[in-house]
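> After the structure tokens below, expect a handful of questions from me.
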Amino acid sequence: MSNNNNRASIYGGLGSVGKIFGAPLLDVVMNQKSKTTSLNSSSSATNNNNSTVEEVNIPLFLHNGFKYIIQHGLGIEGIFRIAGTKDKVKQLQMQLDKGENIDYDASKVDPVDLADLMKIYFRELPDCLLQSDQYDHFISLLTLDRLGQIQKLRELVSSLRPENREMLKQLIWFLGRIAVNSTTNKMSEENLGLVWGPNLLWKGGKAVSTTDMMELMAGAGKIKLIVTLLIEEQEHVFNNLNATITKGEMKVSFINKIVGNKKTCQGISIIEDGESKSIWTADSAGIIKVFNADNYVTEREWDSNLGRIHTMTSVRDHAWIASSQSVSLWNKAGNLVKEFPGFHVSLTPVYSHGEYRIWAGTDQKITIFSSNTLEIVQTISIPGQFIVSITEIFGESNQVWVGATGGQIIIFDKTTGEEIRKLSTPAKRNITCLTFHKYMDKGKVWAGSEDKLIFVIDPFDDYSIVQTVSHPDLLLINTLKSISKSVWSCSRDSSIRIWDSNSFELLGSLDDYHTDAVIDAILTYNNRKMRWEFWTASFDKSVCIWSVSSELLSQPPPPLLNV
């Protein structure tokens with residue numbers, strides 16, 4: 001990803017910060033900060049604002065390493081339990097101690113080797129991260145009940161040296177992302193506590209003698225319980241656990257990445273009724289996976305036998321799936337309700353005739369299905385065009401916009417299905433996605449293209465393009481989502497970009513966790529954690545979850561229960 005390459009080159013100047021392994025944590029962090037200040041001063045003097053280096057409060061190789069393992073290592077069974085290749089791990093350690101900056105992606109570092117190196121780093125600290133003078137206090141908290149343990153953990157963590165506290169917070173946050181994927185990597189909170197405990201807490205300074213090791217082993221079971229508790233209860237132990245990525249009024253934080261798909265994710269939808277809500281994903285091999293929307297647990301998965309799935313959408317508690325062989329309807333229990341033969345690639349619910357109707361696009365036609373009668377109610381012929389994307393224009397316009405090949409957009413009356421007009425954009429290739437966004441005005445249509453451009457169009461007055469949005473790293477636009485006073489674009493370059501809907505400026509970019517095209521996304525409210533979350537599905541066979549906070553995003557009303 002180009003953003004990662006730029007970041008690697010910027011951080012490259014931070015290489016020579018002195019010895020890392022065996023050095024006090026504070027020394028490493030302070031040397032790093034000094035180097036950062038020097039680099040930023042040089043950039044300012046040359047007016048090179050693009051080379052500003054973000055200040056990192058933990059050793060940089062760990063900061064980057066956490067992201068690298070989240071990108072490439074979450075699905076490795078036994079990550080942190082299995083040993084790395086001894087010579088490769090030693091080579092990495094020597095490079096870092098010589099002050100070399102390691103680009104993990106360019107060097108194709110094995111995540112297992114990096115995981116092993118991380119444990120070595122903490123094991124070689126002059127004093128353990130949890131501080132040996134606090135050993136007895138940590139051990140004694142195990143005599144308390146669960147609530148008392150959490151309260152005591154908060155106190156003890158707060159009393160740690162600032163550099164230790166920050167390092168512990170980021171390490172435990174990272175280990176939590178590993179544990180979320182324990183069904184795939186077999187590294188539960190308990191297993192992580194077992195392998196990490198001896199590296200984080202020991203008694204009497206550095207564990208180098210036989211006596212030290214014997215004492216360490218004697219307390220290993222208790223230390224495992226402490227680290228397990230830290231991982232399980234991290235949201236109650238640490239403040240500001242999830243770092244904010246964006247700036248301004250809207251706050252976005254990375255929460256989790258969930259791996260385990262065998263093929264590329266093709267679609268993601270919310271399936272809900274008055275009692276429950278789940279997130280469905282579909283991959284290119286036809287596998288449907290269902291997650292609990294509140295705790296992210298994988299509830300079930302199955303082979304739909306649909307062939308290659310292209311996209312999916314939902315109406316309440318039913319999923320509609322477009323595949324190489326059909327459009328199919330599934331209930332929340334995962335049962336096939338009905339299947340309509342025929343290849344389709346785009347699906348959108350449109351409210352008309354007192355119900356939601358599914359508009360499905362394919363080669364030279366649109367098929368419209370009733371979600372009430374489960375029948376085809378209309379077929380619209382569009383000779384010479386392939387229908388790639390569809391969106392409804394909310395309000396009084398009564399329009400549906402359709403993105404096609406050759407940069408064409410076709411506008412239909414959503415009640416009659418009659419064509420209203422055609423628009424030609426500057427795009428030479430497909431209009432890959434469309435969304436209607438309304439904030440403090442009548443609204444505008446955002447149209448993403450295969451030409452790496454986004455066109456913002458007035459759908460009410462003269463149908464003119466009011467703005468063309470671009471970015472040097474932007475590739476094919478896969479989906480656009482309207483959130484608050486912004487529009488989010490997901491593209492083939494693996495980044496999610498957030499655009500201000502009035503100024504069209506880039507508010508932020510979510511870069512570090514997907515490694516391939518982001519194909520689809522949904523915004524949902526987590527009732528358990530009481531926050532809005534943005535779920536993204538990617539060709540890297542994973543989904544990522546981000547928390548979204550904005551004063552314009554209010555808590556939704558409670559669902560109406562069936563009585």
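Glycine too: its Cβ is placed from the backbone N, Cα and C atoms.
The shown structure was predicted, so the numbers you read here are calculated from the model rather than taken from an experiment.
Feature annotation from Swiss-Prot assigns domain 'Rho-GAP' to 51-238. The repeat 'WD 1' feature in Swiss-Prot is assigned to 260-301. Per Swiss-Prot, repeat 'WD 2' is recorded for 303-340. Per Swiss-Prot, the feature repeat 'WD 3' maps to 383-422. The feature repeat 'WD 4' is assigned by Swiss-Prot to 470-509. According to Swiss-Prot, the repeat 'WD 5' annotation covers 514-556. What Swiss-Prot records for Arg81 is site 'Arginine finger'.
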> Report, as numbers and ranges, every residue of the chain located at least six residues beyond the repeat 'WD 5' (514-556) whose Cβ falls under 8 Å of a Cβ in that stretch; write 'none' if there are none.
1, 71-72, 74, 242, 245, 249-270, 277, 279, 281, 283, 291, 293-296, 311, 475-476, 478-479, 481, 483-485, 488, 490-496
> What residues elsewhere in the chain lie close to the repeat 'WD 1' (260-301), defined as a C-beta under 8 angstroms and at least 6 residues from its ends?
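75, 180-181, 183-184, 307-314, 316-319, 321, 323, 330, 332, 334, 516, 519-522, 524, 526-529, 535-543, 545, 559-562.
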> Taking helix as H, G and I and strand as E and B in DSSP, count the residues of the repeat 'WD 2' (303-340) in helix, strand and coil.
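Per DSSP, the residues of the repeat 'WD 2' (303-340) fall into 0 helix, 25 strand, 13 coil.
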> Using Cβ atoms and a strict cutoff of less than 8 Å, what residues sit near the repeat 'WD 4' (470-509) while being 6 or more residues removed from its termini?
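Residues packing against the repeat 'WD 4' (470-509) from afar: 1-3, 245-248, 250, 252, 432-440, 444, 446, 448-450, 452-454, 456, 515-523, 534, 536, 538, 540, 548, 550, 552-553.
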> Report the same-chain neighbours of Arg81 (site 'Arginine finger'): residues 6+ apart in sequence with Cβ closer than 8 Å to its Cβ, ordered by sequence.
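When sequence neighbours closer than 6 are ignored, Arg81 (site 'Arginine finger') has Lys186, Met187, Asn191, Val195 within Cβ distance under 8 Å.
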> Run through the repeat 'WD 3' (383-422) and tell me, per DSSP, how many residues are helix, strand and coil.
3 helix, 24 strand, 13 coil
